[in-house]
Structures are given as structure tokens and as C-alpha cells.
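J.: Sharing the record's features from Swiss-Prot:
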REGION    1-26  region 'Hydrophobic'
DOMAIN    32-91  domain '4Fe-4S'
BINDING   C49, C52, C57, C74  [4Fe-4S] cluster 1 binding site
DOMAIN    108-137  domain '4Fe-4S ferredoxin-type 1'
BINDING   C117, C120, C123, C157  [4Fe-4S] cluster 2 binding site
BINDING   C127, C147, C150, C153  [4Fe-4S] cluster 3 binding site
DOMAIN    138-167  domain '4Fe-4S ferredoxin-type 2'
Amino acid sequence: MNTIWIAVGALTFLGLVFGAILGYASRRFAVEDDPVVEKIDAILPQSQCGQCGYPGCRPYAEAVGLQGEKINRCAPGGEAVMLKIADLLNVEPQPCDAEEQQAAPVRMLAVIDENHCIGCTKCIQACPVDAIVGATRAMHTVMSDLCTGCNLCVDPCPTHCIELRPVNETPDSWKWDLNTIPVRIIPVEQHA
């Protein structure tokens, strides 16, 4: 019985020693991040779609903050994100890339043909925003509220049952930005 307590005590002691060493090392050798990069990364939509030419939002934020990359390359964020980054960096706003300069940009949505889906989960693994739900060997579907239309789920599908379709804007599907809609308070006379 004593050997069990000795083993438990030794493992506890080793855990505490190695934990203290790791705690010291994490503080001693910590790399400070650039606060500007952190702020730019917080502004970006975190869709990790790669449409900007970088593998995710963090590398794009580092390129903008440290290497002077153009601030107008985030397609999912569009003009709103570009204006926030321009304000943060105190630079002139730039026109969005050619794809973004359409008169009325069309929101795209991934659609799965559920009759041909084999439930391989490759699309789920490829989706950067977890907009696809389903289980192995079961039907998958796309949650339209979360899908950014980044096109990353289309190529991994072995049965080619995923396609991007334009979303028809209706009052139910429209993203109402209540901060930009002017609100006027109309005085109302109260009668007794």
C-alpha cells in the first residue's frame, strides 16, 4: 500500500515541478504580438476563406499590419471592413477589388444535393465557419445563416454534389444593418 502512495506522491511532485518549469518558460520566452495586428485581426470576419490570397484572417492581418499589404482584399468583409481598417491605420480608404466593385454583389450559398451525398464529411472538414452539419454516412446540409460562400467545400466533395448558388434577397434573408438605417424620433402630442 505504501508503494502506491509513494508513486502517487512522486507523480504529483513531478507534475508540479514540470508545471512550474513550463509556467516559467512560457513567461520568460513569450513573444509579444503587435497590437496593431491584433486589432486588425479582430476587425476581420474570421471566415478563414482564403479569398484574400492568404491562408486565413490572421496571416492577412499580419501582412496588412507588418508588410503594408492592401487593405481592400477581404471579400467577405467588403467595404465595411476595409473602412474600419483604414480608420485604424489612418490611411486613405481604397476601392475594393474588381470582384467587389460590382453594382450589386450577389451573396452565394453552398447547396448540397442530398440525393447524391454519401456522408464522407470532407465538406465539413473543409468548411472554415462550420456551416455544414451532418454525420458520417448520413445526409449533410448547409446552414444558410453561417455560410459565407467561400467555395472551399466544393472541391473536396468526391461526388460533386455541392454547388454555389446565388441567394435571392427577400425581406427574410436580407441582413438588415440597423446601425446604418437613420432613425428619427417623431414627437407625439399626448391628449388627456
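Note: Cβ is positioned from N, Cα and C throughout, glycine not excepted.
Note that this is a predicted model, so its numbers are computed, not measured.
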J.: Please indicate, using numbers and ranges, the residues of the same chain that are 6 or more beyond the region 'Hydrophobic' (1-26) and have a C-beta under 8 Å from a C-beta there.
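T.: Long-range Cβ neighbours of the region 'Hydrophobic' (1-26): none found.
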J.: An 8 Å radius from the center of the C49, C52, C57, C74 Cβ atoms defines the neighbourhood of the [4Fe-4S] cluster 1 site; name the other residues of that chain inside it, in order.
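T.: Here the nearby residues are L44, P45, S47, Q48, G50, Q51, Y54, G56, Y60, R73, A75, P76, G77.
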J.: How many whole Å apart are the CA atoms of C147 ([4Fe-4S] cluster 3 binding site) and C157 ([4Fe-4S] cluster 2 binding site)?
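T.: Cα-Cα, rounded: 16 Å.
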J.: Would you list, in sequence order, the binding-site residues among C117, C120, C123, C157 whose CA lies within 10 Å of the CA of C49 ([4Fe-4S] cluster 1 binding site)?
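T.: So far as Cα distances go, none of the binding-site residues lies within 10 Å of C49 ([4Fe-4S] cluster 1 binding site).
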J.: For C120 ([4Fe-4S] cluster 2 binding site), what is the tally of other C-beta atoms lying within 10 angstroms of its C-beta?
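T.: Around C120 ([4Fe-4S] cluster 2 binding site), other Cβ atoms within 10 Å: 16.
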J.: For the domain '4Fe-4S ferredoxin-type 1' (108-137), what are the same-chain contacts with Cβ under 8 Å, counting residues 6+ beyond its ends?
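T.: Tertiary neighbours of the domain '4Fe-4S ferredoxin-type 1' (108-137) are 47-49, 56, 143-144, 146-167.
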J.: Looking only at residues six or more beyond either end of the domain '4Fe-4S ferredoxin-type 2' (138-167), which have a C-beta under 8 A from one in the stretch?
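T.: Residues packing against the domain '4Fe-4S ferredoxin-type 2' (138-167) from afar: 45, 47, 49-51, 76, 106-132, 173.
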J.: Of all the binding-site residues here, C49, C117, C127, which one's CB has the most other CB atoms within 10 A?
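T.: By the 10 Å Cβ neighbour count, C127 comes out on top.
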